[in-house]
Amino acid sequence: MQFSESWLRTFANPEKISTDALSHSLTMAGLEVEEVGPVAPPFDKIVVAHVLSTERHPNADRLNVCQVDAGTGETLQIVCGAPNVKPGIKVPCALVGAVLPPAEAEGKPFEIKVGKLRGVESYGMLCSARELKLSEDHGGLLVLPEDAPVGQNIREYLDLDDQVFIIKLTPNKADCLSIHGVAREVSALTGATLTLPDMKPVAVTIDDKLPVKVSAPDLCGRFSGRVIRGVNARAATPAWMVQRLERSGQRSISAMVDISNYVMLELGRPSHVFDLDKIHGGLDVRWGRKGEQIKLLNGNTIEVDEQVGVIADDKEIESLAGIMGGDSTAVTLDTTNIYLEAAFWWPSAIQGRARRYNFSTDAAHRFERGVDYATTVEHIERITALILEICGGQAGPVDDHIVNLPQRRPVSLRLARAERVLGIELSSAVVADVFQRLQLPFTRSQGADGEVFEVTPPSYRFDIEIEEDLIEEVARIYGFERIAARPPVAESEMRPTNEGRRSTHVVRHALAARDYQEVINFAFVEEKWERDFAANDNPIRLLNPIASQLAVMRSSLIGGLLDKVRYNLNRKAARVRLFEVGRVFHRDADVKDGGLTVAGYHQPMMAAGIAYGPAFEEQWGITTRNVDFFDVKGDVETLFYPRVARFEPVEHPALHPGRAARMLIDGKPVGVVGEMHPRWLQEYELTQAPVLFELELDALREAGLPTYAEISKFPAAVRDLAVVVKQSVRVQDMLDSMRAALDKQGCGRFCQSLVLFDEFRPKAASAAIGADEKSLAFRVTLQDTGSTLQDETVDSAVRCMVDALGEAFQARLRG
């Protein structure tokens, strides 16, 4: 929001407050002033001058010798090359000794001296707006109004000591997107009187009305308009209006457009002016229809659909509702009859529509945040008065259609609650004074916690919905600087920590220690990733995605990790190991609204990792090989230590059907680990298969308490057991069977380890092993802490394992 200080002070003028103090007050009230600067650079000795006569330079075709009255008591001869110089005009004149601003940013100031131009003496310089750094217009001299007083300092005449404010507004402060809105804040902060422009109804001199129908009350809540005939569109915009527009960052276009823009900046009301003679029949405010097109004022031709609001006549669309008018009914210099429109558009109906077509407008910026719905008629009267004053014409009656206005429900503020939130003592009188200064209507009552204020938000305040909004208003006007800085006071309470539960930070460090690097991805992903890696055909969609590719919430971390692997591979990284800790999102009807939950959605934290390329950094002591399933399985087992994970085959849409496993801790599934499915290697252009895992973070954090075991001083008995079984038999099932047999035999406490150390699959059948069989070799280590194990005990333990394998899997000892 950009505006001049002088314009603001016509609405609210705190006389004893300087520019710097005013800027500071606005910033501390939440209206951050990004920049304050003069409208013109410093210069002096430039005055209003009257060109008395001109004649051609005797030695140059493009120069004129001018006789100028600059109020010095004598006529000055000045040589000028401007194309628009002529007798009778008034222009800025730099006298001898004046110093003009540098022509370029890094240049030096330019001093005016008595000089000769092609042999003719010149005693000054007639100036353009560009030479004074007032604008970029270089079409000729800056022509001043005829009533400009000759000899007056141009800084004083044009108010060039005025300051331009640039305010950075937060999205909730749509009520301050106008001079009126900022002035309301200044009045509340300083006590200055708020003065508004005259918005009295103009005299109605014709009875003409344009038929209007509002077919979409969920798009437009109020539509006001009026016919004005006989306007002069070629009328010049007054200098004072042009000046205020330019100092607000707006370029003067034509009187009709300038008036509309002026009132938008003044009162915050975007409006639109139609050429009445180009409208076919009446207007219909409705949602668009698929396939309809409109050429906009910016020259773009766009196609609308049922999600975009439009204003249409009996033949075609004439305006994109609340965003931009159409080219077909645009006013021109030949326009004589107009239809003036001001409406209340529902913010939800405007939000995101302009961005959809890759442009933005001041109107859309305001309407999508909320514009006052109670003052459309008053603002039309203001615009009409300016049009009649500048362009002339005859005004018809205002046609006001009220169809669906917001219902303002009172918002309660508990005085005790405000004191707790702000940490200060507040009297009832202070809060009441704040609301009165902000023009917020309220009533008082007594509640269980003390006094309660019931505030009804005004029609221009769309940011007041809950109690905290009112507390913020109290804090802003009371003054953040008046709130003393005090350290928080809390009871010191010793709470036991759960030694068996690790923090997320520890889990991250453990992953980093396994040579994985952390990445942080967006929680919204491509819909294709959800289908490919999670078999999710109904993902949670975003209502307003930041990009079309990032349109759904992720239910798995795998897609984001794979994308980052490809990103690194494209930058010539040969070995990539990444992990991420973050939330995923699932539909779950059992989840209710809570402090950290949203009804219908389960949001668990997950930890996932991916490894691609060589298992180790290249070095002379290790043979280079690619990472495999067992490398990553070992990493995962390390993360869960000292808890022991059990693995079982799993089918997962992202993983290889024969090289993937589900992890179980205490019989509960906690995640998956495996090699990427071959079909994704080709589709995502990978030359080898990455290995990845995805685990529940809560399970990783449950480390369990460490248990201490006595170290035996007696020798261990080690036995190797080679058995032949069918190739379909799973090793994990055999290990479980042997451990169960040892426990049943009473030898389970002696078993220090039981591992598979060899596997043999014959290429052809033999007498020892059939074609559909395999040989597995297990090593069991038995050791007691109280005594040396006798051979009978060891043999009995081995025998019970062999018997168990034979009974469960028809295993036989290998000969």
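Even glycines carry a Cβ here, placed using N, Cα and C.
Listed in Swiss-Prot for this protein:
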| type | residues | note |
| --- | --- | --- |
| DOMAIN | 40-155 | domain 'tRNA-binding' |
| DOMAIN | 406-485 | domain 'B5' |
| BINDING | ASP463, ASP469, GLU472, GLU473 | Mg(2+) binding site |
| DOMAIN | 712-814 | domain 'FDX-ACB' |
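Sequence features, as recorded in Swiss-Prot, placed on the structure.
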| residue | record | Cβ neighbours (10 Å) |
| --- | --- | --- |
| ASP463 | Mg(2+) binding site | 17 |
| ASP469 | Mg(2+) binding site | 16 |
| GLU472 | Mg(2+) binding site | 18 |
| GLU473 | Mg(2+) binding site | 24 |
- Express the predicted model's confidence over the domain 'B5' (406-485) as a mean pLDDT, rounded to an integer. 92
- Item | Listed in sequence order, residues not in ASP463, ASP469, GLU472, GLU473 with Cβ within 8 Å of the centre of the Mg(2+) site Cβ atoms | ASN172, ILE464, GLU468, LEU470, ILE471, ARG476
- By a three-class reduction of DSSP, ASP469 (Mg(2+) binding site) is assigned helix
- Query: Can you tell me how the residues of the domain 'tRNA-binding' (40-155) break down into helix, strand and coil by DSSP?
  - Reply: 2 helix, 44 strand, 70 coil
- Tally the residues of the domain 'B5' (406-485) by DSSP class, grouping H, G and I as helix, E and B as strand, and everything else as coil. 33 helix, 16 strand, 31 coil
- Item | Per-state residue totals over the domain 'FDX-ACB' (712-814) - DSSP helix, strand, coil | 37 helix, 32 strand, 34 coil
